[in-house]
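Colleague: Take a look at this one; I'll ask things after.
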Amino acid sequence: MGKGGNQDEGATELEAPMPTFRWEEIQKHNLRTDKWLVIDRKVYNITKWSSRHPGGQRVIGHYAGEDATDAFLAFHRNLDFVRKFMKPLLIGELAPEEPSQDRGKNSQITEDFRALRKTAEDMNLFKSNQLFFLLHLAHIIAMESIAWFTLFYFGNGWIPTIITAFVLATSQAQAGWLQHDYGHLSVYKKSMWNHIVHKFVIGHLKGASANWWNHRHFQHHAKPNIFHKDPDVNMLHVFVLGEWQPIEYGKKKLKYLPYNHQHEYFFLIGPPLLIPLYFQYQIIMTMIVRKYWADLAWAISYYTRFFITYIPFYGVLGSILFLNFIRFLESHWFVWVTQMNHIVMEIDREPYRDWFSSQLAATCNVEQSFFNDWFSGHLNFQIEHHLFPTMPRHNLHKIAPLVRSLCAKHGIEYQEKPLLRALQDIIGSLRKSGQLWLDAYLHK
């Protein structure tokens, strides 16, 4: 056991020699009320401070008892600034005989990945092209203008209404990809400007909450496809995913829905309802319950603008129906694109892998083309995005060949597929998981 196991959090000055710890002891501090983690072989007690973590206490808590070095590097842009907040939390370091990686994680893969990150920095791949993002914002605003002009010029008949709805759904989908860029701090050097524009895009252009998105999405990036850590695989008993969950449900005789038919009812309750029903309700309730008043003000500005614009054409009730029809269309786009990279991959309990291996196990790519890039917001490069979440999306294709080479060196599968096959694989994955559930339900 290491020395200093009862060190208090918040010690600002540690007298030499600094207390040392073994992994065996560090791994015990992985509770909600007792959290340690390791960054660059330094041990930090984040128990009380985690509630003040700007990215949310859950995302940092998911690394309690582990080495979080690569996650730390991946999520933060200004490392020197962030390290100022870490100094009071420092309680010691790893014992000299201890490996830098916990639980037997592959140190060679980690070393090679960090060298790859250094190469990306040397290639200036973390520098953004401001014009790229400005043009994306401009084409979103242009679509909003075209939508209004269509109704103004042609009237509110069925055909102009449907055309306008599709234009606005496209605008909303593209705004979703754009807010994703700012949310990941990948546009401006200063985090503050990314946060400000993120609130504008997700709040004023989409009517959603930046804090809600951060809370969910950063957890997804930290622990992708890990049950109880990645909120994106929490399907609220509506679907069973991967191989472990359906078998567990089957063994326990859990049958909230006929999961052997989930690949069929997915079309009825997945793409159509996620945004207009579940997300819309969850976002509003989260802003109110958690008192995200600034986010709520931004969202109100979106709804105010929308209803001022469209009540003259449809009235109050008609505008509400029109809004939800747009959400309905956007939801299909969002669900298919976001699920094609993850739901078909490994979904399991915590395996405690290194950063590189964990991201490759949970993500796959879709072939590059101008349409695929635009349609998916460059999330067709999901592997590279997960490895380097702060890298501007227009540079992801530049690092992809080097990522592929690193995968080949270590025998890690790098999956890339055509768009249509990626979409089809979603259904195949749901069918497979449903059959695993049925077999376990009937025979185990």
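Heads up, the Cβ atoms here are built off N, Cα and C, so glycines get one too.
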Colleague: Can you tell me if Swiss-Prot, going by its topological domain labels, places Ala147 on the same membrane side as Met287?
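Modeller: Topo match: yes.
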Colleague: Looking only at the motif 'Histidine box-1' (180-184), what is the model's average confidence as pLDDT?
Modeller: 98
Colleague: Could you give the residue numbers and ranges of same-chain residues that sit at least 6 residues beyond the transmembrane segment (148-168) on either side and whose C-beta is under 8 angstroms from one of its C-beta atoms?
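Modeller: Sequence-remote neighbours of the transmembrane segment (148-168) are 309-310, 313-314, 322, 325-326, 329.
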Colleague: Would you kindly list the residues that approach the transmembrane segment (265-285) from elsewhere in its chain, counting only those six or more residues past its ends and only Cβ-Cβ distances under 8 Å?
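Modeller: Contacts with the transmembrane segment (265-285): 208-209, 212, 238-239, 257-258, 299, 324, 327-328, 330-332, 334-336, 426-427, 430.
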Colleague: Would you kindly list the residues that approach the transmembrane segment (306-326) from elsewhere in its chain, counting only those six or more residues past its ends and only Cβ-Cβ distances under 8 Å?
Modeller: 148, 151, 156, 161, 165, 168-169, 172, 207, 276
Colleague: Based on DSSP, tally up the residues of the motif 'Histidine box-2' (217-221) by helix, strand and coil.
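Modeller: Summed by class, the stretch gives 5 helix, 0 strand, 0 coil.
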Colleague: Cβ under 8 Å, sequence separation of at least 6 from the ends of the motif 'Histidine box-1' (180-184): give me the contacting residues as numbers and ranges.
Modeller: 133, 194-195, 197-198, 201-202, 210, 213-214, 217, 377, 389-390, 392-393
